[in-house]
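> This is the structure, below, for whatever I ask next.
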Amino acid sequence: MNFDNLEREDEQIAHLVQKEKERQENSIELIASENFVSKAVMEAMGSYLTNKYAEGYPSKRYYGGCHVVDEVEDLARERVKKLFGAEHANVQPHSGSQANMAVYFSILESGDTVLGMDLSHGGHLTHGSPVNFSGRLFNFVSYGVDKETETINYETVRELALKHKPKLIVAGASAYSRIIDFKTLREIADEVGAYLMVDIAHIAGLVATGLHPSPVPYADFVTSTTHKTLRGPRGGLILCKEKFAKVLDKNIFPGIQGGPLMHIIAAKAVCFKEALEPSFKTYMEQVVKNAHVLAEALESYGFKLVSNGTDNHLILVDLTNKDITGKDAEILLDSIGITLNKNTVPNETRSPFVTSGVRIGTPAITTRGFKEEEMKEIASIINDAIKEKDGDLEPLKARVKALCAKYPLY
């Protein structure tokens, strides 16, 4: 992209933008929640649409001059409904957290009981963490993974639901590498008279391409971000049954947000169009293949994988047997150009600021063009770095740079 105007107006910010571009180009990005947008998405984000205020919804705005942005938002809504086979869509949420908040405010009262996945077992802050608004406003009861299999035990979820009678069951995760059984969760919700909300922020791209079962037929609400496996701008979306459309829209605007970000909604529309193309399914298939190969390669070096593998785009690695914490592994690998994040593991014994594990994802590197052979090399580099953490890391930095040079970012 051309940053001539930025360079003239603000050299410091222009320099930092360039610096970040170089960091991304010369690093292997394994953070599961990150991806690289297309130039088309980026151009939409930096378009004239950023100038327009448009409180309300298409044909029901509180400002004049909205006829063009109405078309933009309508396109985004229609495309995402087609992508997921949904009855209603709201594309205004600024983030996944705000998407979840809007659903909660649509059907819950303060203090209502909700069943959600424990953050330390793979859930998300907004699924009831006591430090988050969700855990502060509502009575969340957490479910986790089985101690032996490290996967969700649906009978345990059912028992908790029968005991606590939640008004809402929340499914979805930020660090869970296995298929989630939405049909069974719907049956549990029906048994106790609960609503079902599914947060597919991490797996949206897999769901859209049929590589993970869709929650849309089963859930009352489905929320997501647009910037992870969907490869779009940073933002959120909500899908729901038509009967919830009015109450949901009201709880986004004027409930928790004012004016929507029309340049971001345009970029969402572009990413939905891209996700409807056959090439996007090919991309997502490669994401999953890469995750499988990377997982197998890491296992061959003695790394302990939570649940012994992956069905999706991410891998949760328990480093307990490697004599290194998640925090130290993150810092070590960052120093050679591999970016990932420390992450709690089931039955965690360390602080969330230290952790016993790391989370690894393949969406971003797959966007760059990395395939199976590169996964084997990445696993080898990670193993060598941790094994030789107090040794000379320069050869490993060179191996990372060589991989990055083969696959330019743009």
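A Cβ is built for glycine as well, from the same backbone N, Cα and C atoms used for every other residue.
From Swiss-Prot, here are the annotated features:
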- Leu119, Gly123, His124, Leu125, Ser351, Pro352, Phe353: (6S)-5,6,7,8-tetrahydrofolate binding site (BINDING)
- Lys228: N6-(pyridoxal phosphate)lysine (MOD_RES)
- His227: site 'Plays an important role in substrate specificity' (SITE)
> With every protein chain in view, how many other Cβ atoms are within 10 Å of the Cβ of His124 ((6S)-5,6,7,8-tetrahydrofolate binding site)?
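Around the Cβ of His124 ((6S)-5,6,7,8-tetrahydrofolate binding site), 24 other Cβ atoms lie within 10 Å.
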> These are the binding-site residues: Gly123, Pro352. Which one scores highest on other Cβ atoms within 10 Å?
Gly123
> Just name the most isolated of the binding-site residues Leu119, Leu125, going by other Cβ atoms within 10 Å of its Cβ.
Leu125
> I need the CA-to-CA distance for His227 (site 'Plays an important role in substrate specificity') versus His124 ((6S)-5,6,7,8-tetrahydrofolate binding site), whole Å please.
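Cα to Cα, His227 (site 'Plays an important role in substrate specificity') and His124 ((6S)-5,6,7,8-tetrahydrofolate binding site) are separated by 16 Å.
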> Expressed to the nearest Å, what is the distance separating Leu119 ((6S)-5,6,7,8-tetrahydrofolate binding site) and Lys228 (N6-(pyridoxal phosphate)lysine) at their Cα atoms?
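Checking the Cα atoms of Leu119 ((6S)-5,6,7,8-tetrahydrofolate binding site) and Lys228 (N6-(pyridoxal phosphate)lysine) gives a distance of 19 Å.
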> Just jot down the residues in the same chain as Phe353 ((6S)-5,6,7,8-tetrahydrofolate binding site), at least 6 apart in sequence, with C-beta under 8 A of its C-beta; none if empty.
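Spatial neighbours, sequence-distant, of Phe353 ((6S)-5,6,7,8-tetrahydrofolate binding site): Lys327.
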> Taking only the Cα atoms, work out how far Leu125 ((6S)-5,6,7,8-tetrahydrofolate binding site) lies from Lys228 (N6-(pyridoxal phosphate)lysine), in Å, as a whole number.
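Here the two Cα atoms lie 17 Å apart.
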> How many whole Å apart are the CA atoms of Ser351 ((6S)-5,6,7,8-tetrahydrofolate binding site) and the residue listed as 'N6-(pyridoxal phosphate)lysine'?
26
